[in-house]
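Worksheet: the structure to be examined is printed underneath.
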Amino acid sequence: MDIYLYDTKQRQKVKFEPSVPGRVGMYLCGPTVYSEAHLGHGKKEVAFDVIRRFLMHAGYAVRYVSNITDVGHLQGDADEGEDKIARRAALEKLEPMEVADKYFWSFVDDMGKLNVLRPSINPRATGHIPEQIELIEELIERGHAYEVNGSVYFDVRSWPRYGELTGRKLDEQEEGTREDVREEKRDPRDFALWKKAEPSHLMRWDSPWGVGFPGWHIECSAMSLKYLGEDFDIHGGGLDLQFPHHEAEIAQAEAAGHGFARYWMHNNMLTIGGEKMSKSKGNFTTLKELFERVDPMVVRFLLVSSHYRSVTEMNDEAFKSAASGYRRLTDALHEVERHLETAREGRDAVLEGKINANVRDFEAAMSDDFNTPEAVAALFNLTRDVNAALAGDVPKETLEKARAAYRELGGNVLGLFEDAGSERQDDSQLLNTLMDLVLEARQSYRLGKQFQKADELRAKLTEAGVTIEDTSTGTRWKR
Ligand SMILES: Nc1ncnc2c1ncn2[C@@H]1O[C@H](COP(=O)(O)OP(=O)(O)OP(=O)(O)O)[C@@H](O)[C@H]1O
Ligand SMILES: [Zn+2]
């Protein structure tokens, strides 16, 4: 199966050829673990999870590495200032590593609910300080980095290829860093590889340049090279990471003499009211909040219904239609399974021909830069064909073929049906159904003017940790 993907660096769709036949090495920039993940983070994780799953479907053995940033990411992505983790540690009165662990496990939990496969390796920046120091030493030796007052900077002027991923011109590169220009830098575009730790800085390590901590970008170069080797296949991340983070990653690795990622893939943003969902804008919905009102599998369905390079807009309407689309697929699969219990032996060649055609459409869509909306459309066509046939009598072997198509394409590739998070997903679905029933009961008390009973129900729910709120659009509940 030939797979084409959009490579950010070449600015076009290209045929994917792994550097080692049959194997794929993939690296995805992971979370900075200082707060709860929001739906935008979910979009990124699901986008690359589906890419990984389809490569597995195509027969590749995939090593999927996604880092955990637990040091060096400073406020405002700058070269100067407070570390995001340390800041949160001070606010929550926790050790920095306690903050990192708390939000790391919370992230693992959220991604499990979204049925994102666990990475093969989840390396942490703090666990790879020697590797980062070694890479910085190589850069200094080759004349691409310099030390000043215990900090080390990448010398952008020594590396003319800097900026080639995004094709930024010199003056545009300066813009992002001008505010943080320090006298120490030879050029305002230079970025920190290692920072001297001020006495107040909690996270600190010995280095050839004194006590300090690594810059934000160096961990990804060091850890991807360590676990995937030179010239690994795919590097992914959000669009907003292209500059400066990914430009810096490439420069750090290549200037030190290493081959780096061969394909660059970037997901577009999840928006709300047309604006990027982000922590700093405050317009975010954490996945945990969302899962209280929307089944995580519906959230995943919404995410895969738009292309990873398209913007996904979040609103109640989108969730409503995702819920009904998702229900159509699961209902059809359940119907197939129900019919299988009593089906007669034999096959239906006409329906099998249609199933095969839909499977081919699905694979063609996914081979064309992982076009999930078209792949979902193929599943709906399959559903239409299967439902029409189920009105009559479908024999067993053909039903099994239909079930296998749903399980492989909808389940294993799009991740919509089972595995990692299925138990918890069932629980949350059950909880939603039960709460709908409870709220209906309360509503009928109120309509029957049995207000005391309605209030008692509400009080008992509060006792159980569930609060309910009456709004103009209906009653909502929260845990
Ligand atoms: N709305 C979004 N849609 C898609 N991906 C996102 C979105 N927000 C963040 N990401 C991706 O998640 C990763 C981590 O992002 P980050 O922690 O900077 O989140 P953020 O909410 O944008 O935070 P901040 O506003 O503080 O920059 C990045 O790869 C980024 O591209
Ligand atoms: Zn990175």
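Yeah, the Cβs are placed from backbone N, Cα and C, and that goes for glycine too.
Quick look at what TrEMBL lists:
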BINDING   Cys29, Cys220, His245, Glu249  Zn(2+) binding site
MOTIF     31-41  motif ''HIGH' region'
MOTIF     276-280  motif ''KMSKS' region'
BINDING   Lys279  ATP binding site
DOMAIN    361-425  domain 'Cysteinyl-tRNA synthetase class Ia DALR'
Close-lying binding-site residues around ligand 1 among Cys29, Glu249, Lys279, where CB distance stays under 6 Å: Cys29, Lys279
Other CB atoms, at most 10 A from the CB of Cys220 (Zn(2+) binding site): 28
Residues among the binding-site residues Cys29, Cys220, Lys279 that border ligand 2 - Cβ under 6 angstroms, in sequence order: Cys29, Cys220
DSSP-derived helix, strand and coil totals, residue by residue, for the motif ''HIGH' region' (31-41): 3 helix, 2 strand, 6 coil
Near-site residues: Zn(2+), ref Cys29, Cys220, His245, Glu249, CB cutoff 8 A to centroid: His217, Glu219, Ser221, His235, Gly237, Leu241, His246, Ala248
Number of helical, extended and coil residues in the domain 'Cysteinyl-tRNA synthetase class Ia DALR' (361-425), per DSSP: 48 helix, 1 strand, 16 coil
Rounded Cα separation (Å) that holds between Cys220 (Zn(2+) binding site) and the residue listed as 'ATP binding site': 22
Mean of the pLDDT scores, which run from 0 to 100, over the domain 'Cysteinyl-tRNA synthetase class Ia DALR' (361-425): 91
Lys279 (ATP binding site) and Glu249 (Zn(2+) binding site), distance between Cα atoms, whole Å: 24
Mapped DSSP class for Cys220 (Zn(2+) binding site), helix or strand or coil: helix
Densest Cβ neighbourhood among Cys29, His245, Glu249, Lys279 (binding-site residues), 10 Å radius: Glu249
Separation of alpha carbons, the residue listed as 'ATP binding site' and His245 (Zn(2+) binding site) (Å): 18
Per-state residue totals over the motif ''KMSKS' region' (276-280) - DSSP helix, strand, coil: 0 helix, 1 strand, 4 coil
Lys279 (ATP binding site) and Cys29 (Zn(2+) binding site), Cα-Cα, nearest whole angstrom: 17
